[in-house]
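What Swiss-Prot annotates here:
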COMPBIAS  415-425  compositional bias 'Polar residues'
COMPBIAS  731-740  compositional bias 'Basic and acidic residues'
COMPBIAS  765-774  compositional bias 'Pro residues'
COMPBIAS  913-923  compositional bias 'Pro residues'
COMPBIAS  940-949  compositional bias 'Low complexity'
COMPBIAS  966-978  compositional bias 'Pro residues'
COMPBIAS  1018-1030  compositional bias 'Pro residues'
COMPBIAS  1031-1051  compositional bias 'Low complexity'
COMPBIAS  1052-1068  compositional bias 'Pro residues'
COMPBIAS  1124-1133  compositional bias 'Pro residues'
COMPBIAS  1135-1151  compositional bias 'Polar residues'
COMPBIAS  1161-1172  compositional bias 'Basic and acidic residues'
DOMAIN    281-347  domain 'SH3'
DOMAIN    489-552  domain 'SAM 1'
MOD_RES   Ser358  phosphoserine
MOD_RES   Ser393  phosphoserine
MOD_RES   Ser396  phosphoserine
MOD_RES   Ser403  phosphoserine
MOD_RES   Ser406  phosphoserine
MOD_RES   Ser409  phosphoserine
MOD_RES   Ser471  phosphoserine
MOD_RES   Ser725  phosphoserine
MOD_RES   Ser858  phosphoserine
MOD_RES   Ser877  phosphoserine
MOD_RES   Ser878  phosphoserine
MOD_RES   Ser892  phosphoserine
REGION    355-460  region 'Disordered'
REGION    676-1104  region 'Disordered'
REGION    1116-1181  region 'Disordered'
REPEAT    48-77  repeat 'ANK 1'
REPEAT    81-110  repeat 'ANK 2'
REPEAT    114-143  repeat 'ANK 3'
REPEAT    147-176  repeat 'ANK 4'
REPEAT    188-217  repeat 'ANK 5'
REPEAT    220-249  repeat 'ANK 6'
Amino acid sequence: MGREQDLILAVKNGDVTGVQKLVAKVKATKTKLLGSTKRLNVNYQDADGFSALHHAALGGSLELIALLLEAQATVDIKDSNGMRPLHYAAWQGRLEPVRLLLRASAAVNAASLDGQIPLHLAAQYGHYEVSEMLLQHQSNPCLVNKAKKTPLDLACEFGRLKVAQLLLNSHLCVALLEGEAKDPCDPNYTTPLHLAAKNGHREVIRQLLRAGIEINRQTKTGTALHEAALYGKTEVVRLLLEGGVDVNIRNTYNQTALDIVNQFTTSQASREIKQLLREASGILKVRALKDFWNLHDPTALNVRAGDVITVLEQHPDGRWKGHIHESQRGTDRIGYFPPGIVEVVSKRVGIPAARLPSAPTPLRPGFSRTPQPPAEEPPHPLTYSQLPRVGLSPDSPAGDRNSVGSEGSVGSIRSAGSGQSSEGTNGHGPGLLIENAQPLPSAGEDQVLPGLHPPSLADNLSHRPLANCRSGEQIFTQDVRPEQLLEGKDAQAIHNWLSEFQLEGYTAHFLQAGYDVPTISRMTPEDLTAIGVTKPGHRKKIASEIAQLSIAEWLPSYIPTDLLEWLCALGLPQYHKQLVSSGYDSMGLVADLTWEELQEIGVNKLGHQKKLMLGVKRLAELRRGLLQGEALSEGGRRLAKGPELMAIEGLENGEGPATAGPRLLTFQGSELSPELQAAMAGGGPEPLPLPPARSPSQESIGARSRGSGHSQEQPAPQPSGGDPSPPQERNLPEGTERPPKLCSSLPGQGPPPYVFMYPQGSPSSPAPGPPPGAPWAFSYLAGPPATPPDPPRPKRRSHSLSRPGPTEGDAEGEAEGPVGSTLGSYATLTRRPGRSALVRTSPSVTPTPARGTPRSQSFALRARRKGPPPPPPKRLSSVSGPSPEPPPLDESPGPKEGATGPRRRTLSEPAGPSEPPGPPAPAGPASDTEEEEPGPEGTPPSRGSSGEGLPFAEEGNLTIKQRPKPAGPPPRETPVPPGLDFNLTESDTVKRRPKCREREPLQTALLAFGVASATPGPAAPLPSPTPGESPPASSLPQPEPSSLPAQGVPTPLAPSPAMQPPVPPCPGPGLESSAASRWNGETEPPAAPAALLKVPGAGTAPKPVSVACTQLAFSGPKLAPRLGPRPVPPPRPESTGTVGPGQAQQRLEQTSSSLAAALRAAEKSIGTKEQEGTPSASTKHILDDISTMFDALADQLDAMLD
């Protein structure tokens, strides 16, 4: 074997001459027929399995390789490691030897014992040309070696950038990135990104990210971020964070990247990585200051003092959701804990740590699904280089319980239109709540847009935070026009915005497509795809960031008269010539543009197309609103004089019934809640949709929840506006914005009241009423006999939305007077107890004609006028009366059941002691709160149960109490213009005292047939029921509006206290008071219908008949001390002096005559209805009740005279 060893030695030494001699001898022996027995073995292998060709390939000598191949050397001979000559040639990276071996048909995909092919070696050592040649000869880059690594893995692991780019540009790039040849369950499974991150190859990582590799792909060790953090690759960590890696992902050891850094590294690089990870994740670390546990709450997080808690999110009730990881036990605990027991350990940059406990801090939406709170920032001018985000201010007046909600938290709040509204702690407005499963609302609730609100309201809101955005970010105000954003600063703004989430590479996509900042805020995922954002991860990230933008409304809120003006408002005046040349030279034609027509015209940029179509859509909305406004104004002239009430019942589960038809809009353009949808969809004109003050991505929950009751805490009584002020300054629901004017007011009228919906009125003529000048009165109508009330059901919220009818077209010759000083807006928040399933399916309550009239639990308020008194009101069986009624919105029989249910007291009816009336106060807006007025010279209550005037009630008025007090719904009158009525619904938010059983027939008779004295004047306080009395229950139906007097000047109708005879205390007031205190609202006392009747007296002014001991008085919370003093009415001439027996007897006779007249009127009404063939069930038992009433009345009058 000497010659073989000589050959190997010659090849190793590169002795080409010696190799040629040895090879020549081999050739010579082949030509002989009888050759030597000792032939030269060219494929001889040494102890390591190396052949001469192995050595030649390893040495890279082309001549030697060629000589050996000519001598018939085996090209794919393997050594002891399974390596072939091509492996060594590729390892050396010499191109020509590889080409020579490949031409000799060397196997390109032959694997060694460790599973490597020549491409593995070339890629590992970065031989670009060799790798390229191997790929050209069909080398498979997806083959894995025994370590489960592909050539791309090796190139990325060792930082071979060019080879990695070569492999990524191959046709098998997707397979390489997806790792199709690998088993994810393999413990050795890895990805090119992990290998590059482990070794800190930033450029390779950048190439992988550009190629679209999944950045959050996990292995046993976690994500690539785990690898970079573990090995201290700070720049790689920063690069991965810029690429959008999820920092909250845990590996199989339940560790995040931050956990790994904290546990295993202590270098300077680790400190930088910690800061980067904390900033990127938005993790809020807190340390427990004391132990906390709650065994009664399974969702509570039990903590010990010193525990480090990771805050995940915040519950709407103010608690924080935290996570405690116990590394020693390897367990995790998640639950809720109060923020007051912890201190901040780590926080995001810019968040004041001192404020976090008082204003709970949610986390970044991209990771924890909760909005990022703002940081305090110094005031600086508005810049366009940063886009605003949605956030919630820690300065929210609602405090730390209601200021921030969690989009993904457990027990998230219900729909804003039908859910709970949180009451602010300082009385300025409700807290901002975030609605679950909705786009993050804008903090634009605090933005006051010019021209849309009265100056006073704008001034009122000016002190509140402008917008809630993160540090260094500003809100674009309404004054920013699109053309201003296009003046060179828009590109910078878009670039900075995209840089915040490391996608600045798409800046050119937005700019080339013609998108500016306002239009980006309206982009959809489809629009992103159209401009070239094709990667799903990037598209999802940008779409989520767009949803968080807070851009003020920029579309024109009016219909321009000129096309150029409209284009300038959109910031696209350059298309004026193209539109005109294409025939779109007027606003009417532009309103019909479509996407296809824009392309035909020459508007090729997608952003410009988007903006033009948004403008066209706005024009269509404005036109539709104008048409609805015209229809509304025409229908308003035919409205019946009587007020119409629409009660919207909210279902207990927060979901309203599905409504057919188009979605209705509020004044701000946001969708109404399901309850309002259901209530308004039944009929009548739709509300006028005005231009929204905010973009759809900024719809405020507060704007859609205004007017909703069902507050979480006991509401405080709203103070009364005692001082005269403009009507538009009346008490609105807290935190609401003023709606813009719908249309010009009717002649002689002030601004329209603040209402949500204008129910359609009747086109017919109004019903005949009493002669002009007749005083206006309350009329409580009797219904069917009171039945034992049902136990209280779960409370449900109702909204009383009413609109007074206009005075135009009245057939009674009413004189229109100035309204601006007397007409005020009214909005009341009430609750109704749950009704039957029928009520749940049809929450709309509106007047309907004839017997099927559903009646709402409210009473109409009308101003009283001077003049001759009206005849006694007739017994009414329906709200409609003789006048035709407008078409009903809903024919549901549900409200009938509610008509016999218990009455509720309105939230805006705090109580006070009863006091005498006086002349009308100066005209001013009526407050939502009803209150009492002190009588002249401290006279006792005019109709109280005793002459002392309930001292305990006056003592209760010295302090302001938030808790409800037993009270009843006293009637109240408000000065309103001619033909305008308001409806006050009553609520069950205040418990009532049980009725005095002995006097129940008396009160029934008095209130039903008008013998009770009149209520005080418009400026006078309301009478209050005594503790032993109870207000009438809801068995009485709605009074007929048209039957009440409609004209005259308000005048005091109740006599002075001097006319009252000495009144003994009512039976058992103390007993009833104690009983009332024990009564828990389990059952409601029986109801008593009532009607207040005015009869003529001896003087020129009407002198109502009064019966003692029938006054409805109640004690309520003290009204707000800010109310100014009210005028003290002077005593009337005919009511001065003492009351003698003769006067008492005269009053008794007058009372008897009035009762007889009322009885005759009732009998006549019954007879008329029976003749018409439409007897009402509510009148069947009237005559039976009257005899009992008279007996009780006679006993009471005798006791009173004694």
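In case you wondered, yes, glycine gets a Cβ from its N, Cα and C as well.
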Helix, strand, coil: count each for the residues of the domain 'SH3' (281-347), based on DSSP.
4 helix, 34 strand, 29 coil
So if I exclude everything within five residues of the ends of the repeat 'ANK 1' (48-77), which remaining residues of that chain have a CB under 8 angstroms from its CBs? That is, six or more out.
7-8, 11-12, 14, 16, 19-20, 23, 26-27, 42, 83-86, 88-89, 91-92, 94, 96-97, 100-101, 104-107, 110
For the domain 'SAM 1' (489-552), jot down how many residues DSSP puts in helix, in strand and in coil.
42 helix, 3 strand, 19 coil
Using DSSP, tally how many residues of the repeat 'ANK 4' (147-176) sit in helix, strand and coil.
19 helix, 0 strand, 11 coil
Using DSSP, how many residues in the repeat 'ANK 3' (114-143) fall into helix, strand and coil?
16 helix, 0 strand, 14 coil
Count up the helix, strand and coil residues in the repeat 'ANK 6' (220-249) according to DSSP, in that order.
16 helix, 1 strand, 13 coil
